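A.B. asks: First, the structure itself, so that you have it in front of you.
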Amino acid sequence: MPIDGYSSLTQLGRQAGVPANPDEAVIETFANPHPGTNYTVRLTAPELTTICPITGQPDFATLIVDYVPRDRLVESKSFKLFLGSFRNLGTFHEDCTAYIHKRLSDALDAAFLRVVGLWNARGGITIDCVVQTGELPSNCALLPLGRTDYRTGRI
C-alpha cells in the first residue's frame, strides 16, 4: 500500500514533546483507508497518570478506547502525547475519562466510541468509568473489558 495522504500529520516521524496540558494537545487523525467497512479499533494505554486535585497524589489507570471509524483514524503518537499531558493535571477520574471521550469524539466523528478508564484502587476502592456514544454495528465485536497482561496477551 502506498504511503500518501499523511502530509497533514505534524507529530509522527518528528520530534514532538508532551504538551503542557490536555487543552493544548492536538489529537491528529488520518483518512480511513477502508471507509464503508465496519471494523473495531482498540487503543489501550496501560499507564495513564493524573494527579488528584485535592491531595496531589498520583492516580493511575488503564485506558481502553474502542471505536468504529467512519472517515478518520486516530494517529497513535499524537494520542500518546495527548495522554502524557495528563501527568501533572489535577482531575477526578470521572472528569478525565469523560474529557478524553469528548476530545476523541470531536476528532473522529466515529460511528461508535467507547472510552473506559480502569482506575487503580485508592483507599481500597477502584473507580471504573465508561463513556459511550453511537451504536455498535451488528457486524462488529468488542473485546472484553479488563486489564490485559501485555506479556501473555491474555485478559
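Every residue gets a Cβ built from N, Cα and C, even glycine.
Computed from a predicted structure; not experimentally measured.
Marked as active site, thioimide intermediate by Swiss-Prot: Cys52. Here Swiss-Prot flags Asp59 as active site, proton donor, drawing on sequence analysis. Summarising the annotation, Swiss-Prot assigns substrate binding site to Val74, Glu75, Ser76, His93, Glu94.
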A.B. asks: Secondary structure at Asp59 (active site, proton donor) (DSSP, helix/strand/coil)?
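C.D. replies: Once the DSSP labels are grouped into three classes, Asp59 (active site, proton donor) ends up as strand.
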A.B. asks: Which ones in the same chain are close to the residue listed as 'active site, proton donor', with CB under 8 Å and 6+ residues apart in sequence?
C.D. replies: Thr49, Thr50, Ile51, Cys52, His93, Trp119, Asn120, Arg122
A.B. asks: Within a 10 Å radius around the Cβ, which one of these binding-site residues has the most neighbouring Cβ atoms: Glu75, Glu94?
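C.D. replies: The residue with the densest Cβ neighbourhood is Glu75.
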A.B. asks: Would you say which of the recorded positions Cys52, Val74 has the most Cβ atoms within 10 Å of its own Cβ?
C.D. replies: Val74
A.B. asks: Over all shown protein chains, what is the count of other CB atoms within 10 A of the CB belonging to His93 (substrate binding site)?
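C.D. replies: The answer is 20 other Cβ atoms.
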A.B. asks: Looking at Cβ-Cβ distances, which residues of the chain lie under 8 angstroms from Ser76 (substrate binding site) while being 6 or more apart from it?
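C.D. replies: Counting only residues 6 or more apart in sequence, the Cβ neighbours of Ser76 (substrate binding site) under 8 Å are Leu43.
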A.B. asks: Could you tell me which three-state DSSP class Cys52 (active site, thioimide intermediate) falls into?
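C.D. replies: Looking at the DSSP assignment, Cys52 (active site, thioimide intermediate) belongs to neither helix nor strand, so coil.
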A.B. asks: Using DSSP with the three-state reduction, classify Val74 (substrate binding site) as helix, strand or coil.
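C.D. replies: SS state of Val74 (substrate binding site) = strand.
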